[in-house]
Every structure is written in C-alpha cells, then in structure tokens.
Amino acid sequence: MSHKKVVAISESSSDEEVPVAPPTAPPKKRQRKAVEEPRGHQAMVEIARQATAALKARGDPGSIIVQTFCDQTVDVDKEGNVIFTPAKQKSICNKSGSPLASVASKIFKASEHKWQSAMEFALKVLNAYQVDHSKLTLLPDEGTLECFKKAVQAYITTSKMHVTYTFTNQKTFLHVAGRLLLDFVIKAAELAPGVNPSGCVVWQHGCQSSLMCLHGSPMIQKEQLVEMDVNSENAQRALKENPEKTKIVSNRWGRNVVQFKNEDAFCCSMDVNMSGGNFSGASCGMFYTDGPKAIMAFQQIMAFLKACYPSMPNAESHLLMPLKCECNWNSSLPLLGRQTCKITPFSLASANHIDKSEVDDQKMLATLNNPAMLVFQCCNPVYRNSKAAPQKNCDFKISSVDLVSCLQIAKQIWLSTVGEKPPVKFPEFHWSDEHRYQTTILPQGQHDDDLVLF
C-alpha cells in the first residue's frame, strides 16, 4: 500500500501577494560619552606624572607626587578612581639606635607641599581662561610656557584690550608675559628660592647723564667706521636716521656699500683696543653706535616710569630689563658671543611732527621730550640680508615701555584669577663673570648610557 503526500495549495496564492512585514530598524547605537578632561585630584596626578617624566627625560633624579596635608599620597588607578594612601612612618636612626630628624626628609616634604601649592596657583590662572594644561609641568620648558602664553592671549582677547607695540613683536610680548606668570607661581608658593623663571632683573643703570656698561664702569667714546651692504636693514636705517654721517662708496672689491663714520660711538672699557664690531673675552658686550641717542633713550624710560608711578623712589635710577632671551632662558649653558640681551636705542623720528602743546599726558610727553627708546633684542641677533652666524639666535625683541606694559598685564591677570597681589620680586643685577662675552665654546658631549661608542 503506497503512501502519497498531499500538499494543499491555496487558490489565492497565485493571484494575490502575501503581505510582507516591514523590516525592523536596526537598534540605535548609543552615543559615546565625550571623554572628560581630568579635574581635581585626577588633573593634579596627571600633571605630576608628566613632570616626573620630564625630570626623567632630562636625567634629573627624583619624582613628583601629589600629597595631602595629612601626608596621604594621592594616586589614580586604571579606572580613574582616586586612591588615598597613608604615608608610612619611617624612623631614621643613627648607629646608637636613637631616632634622628632627617633634615632632607623635611625639606622634601616641604617641597611637595609647595609644589602642590604652586600647582593650585597655576590651575587657577589657566582654568580661568579654559587653557589646556596637559603639558604643564611647572618646569621652565616649552610646554609650561605655552600654557601661560595662551592664558595671556586669552586675557587680552576676552578683555578686549588693545595693546600697542613699539619696536616689539607680539611673539616676544607673549613670551615674556608667560615667563612673568610662571615667576609669580614659583614665588607665591616659595617653591624654588633663588630661581628666577622670569629671566628679568632690575638694573641700577646710572645713565642719567653719562653711559655706564654692565660692569658698572663708564663707557669709552670711540670712533667707529662701519661698512654695510646697501640692501641690509642696518644700512637702510643708517641712511634714513643719519644721512649726514653716511655715504655710499665702493669698497676694495668694487661693491657698493654704505660707509658709516660715527664719532659718537661708545664701547665697554674692556673693548678699547678691539677693532670695530669685535669684543674681548672680558667684555660685557655693550656697544652704542650713537651715545647721545642712548642717553636720550635712558631719559625716556626714566621720565616714563616717573609719569606712571610718581611715588616710585627709584624710577630714575633703576629699570626692569630682560637679561635672557629665548636662546638661554631655560638653559644654564653659555652661548657663543653675548650672554645678555643686546640693548639698542631706537629713535622715534615720527614724534617730531607732534605738537607738544596739544599733549598734556605726562607719559606721552616722556617720549615727545625724549624721542628715543631702549629696545632689548636677542643676545646675538642676526639681521636680514646678513651672512649666517655661528651663534644661536632668535627673534626676541621688546622695548622698555612695552616691558612695563607686559608686567602690568601679568599683574592684572594674577589679581583677577588668584585674587591677591602678585609677588613681584626681581633680583637686582650685579656683574658676574658668567655674563662675560664668550669668544670660544669648548666642545661638549651628549648623554649616552652605552659603555663604548662603537
């Protein structure tokens, strides 16, 4: 008996389409939460780790940790949880077994508290202007300086302040202002006594009526004969500012040069026997091509400070000046050439066309009565259209009046963010052999952990 399988087919299957259910929508992906920047203890621990890495990269011993005032070490685990670890009590004993107070241990603990205090000051300034502090280490490095430079720029932008630069480039202005803020942080926390992150000093110049060099000695008047390329910046400035002392002649190779004969040049007393443009190993590197213009520039800054601060007792005897440029700001190694910022008097020819009777502001009259200004440049500047020089150089350039404005803005930023007056403490300049002009730099090796070179 055979079994047949019977399949029933609906009559409507061939004439009508079976309705198909719409496809289900794929499940929506959950939006990822934006990675939040570390805050509070997490931020401080992260900065401490970066500072420790920077110390290790420089080859300096030690490490930076975050510690509470109860001697608890603060750390963050892999999941981002804050961990407080009580400090272990260590007893330091001498040979007889009696406990001794370790001075070094106390100093180290005090330094940890001061570092934490300095970090709090720095974060107050940076967080007020939403500045990314991921590269902040509180060491005089590019990462730390960049953070404070951004804070200065943000303050100028948000306050809608218009800063007029006189013989100053904006890059140098922000650079010096950042150095000043870092100096305030270090000084406020008393983190590193004797360290001057600002690179600025107060100089008792003594140039009220005669020129003095950095040695504190009178400068010597010396005739100068200089030949410059016609297309160089210095030659064009000499033709414009001193047409009676310059002329275009042909040198011994038949090339047209600008010959500048100057009888009012002044040099350091250590360079009397040196030919023009050369310095001895005992020189401070100061040289003025126009002595009367230099005296006028000193009188300008004296009158300007007196107009800004009438009650300032040393306004006419001291001035603030940057001692180091970008080349040697964060380095203790000597440079080939000048070790201090080059001081050059610049004349303000356009000030002669302003009627003094229409001006009653004493700060403006200081410049109108003395149309010259001190400008601080790179220690060993290299000008355009000049031959390459072996010295390390940068484009550092800031005038004496803009340096005053730079300090004023840094004080405003500190007062508005921290809420107290900044610790304005600049060391007074005294001559030292480390400031001498270096004619030769001995070769130096680089760090290498290998026992043999090859």
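Each residue, glycine too, has its Cβ placed from N, Cα and C.
The annotation in Swiss-Prot ties Cys213, His215, Cys268 to Zn(2+) 1, and of the candidates under consideration, Cys200, Cys207, Cys284, the one tied to the same site is Cys284. Given the ranges 50-64, 95-109, 410-424, 440-454, the record in Swiss-Prot names 440-454 as region 'C-terminal arm, DBP binding'. Of the residues proposed, Cys308, Cys378, the one Swiss-Prot records at the same Zn(2+) 2 site as Cys325, Cys327, Cys394 is Cys378. Cα of Tyr129 (phosphotyrosine) to Cα of Cys378 (Zn(2+) 2 binding site): a span of 30 Å. With a 10 A radius on its CB, Cys394 (Zn(2+) 2 binding site) counts 19 other CB atoms from all the protein chains. Calculated from their C-alpha atoms, the gap between Cys325 (Zn(2+) 2 binding site) and Cys268 (Zn(2+) 1 binding site) amounts to 21 Å. His215 (Zn(2+) 1 binding site) and Cys327 (Zn(2+) 2 binding site) have their C-alpha atoms 22 Å apart, to the nearest angstrom. Considering only the binding-site residues Cys213, Cys268, Cys284, the residue whose Cα is spatially closest to the Cα of Cys378 (Zn(2+) 2 binding site) is Cys284.
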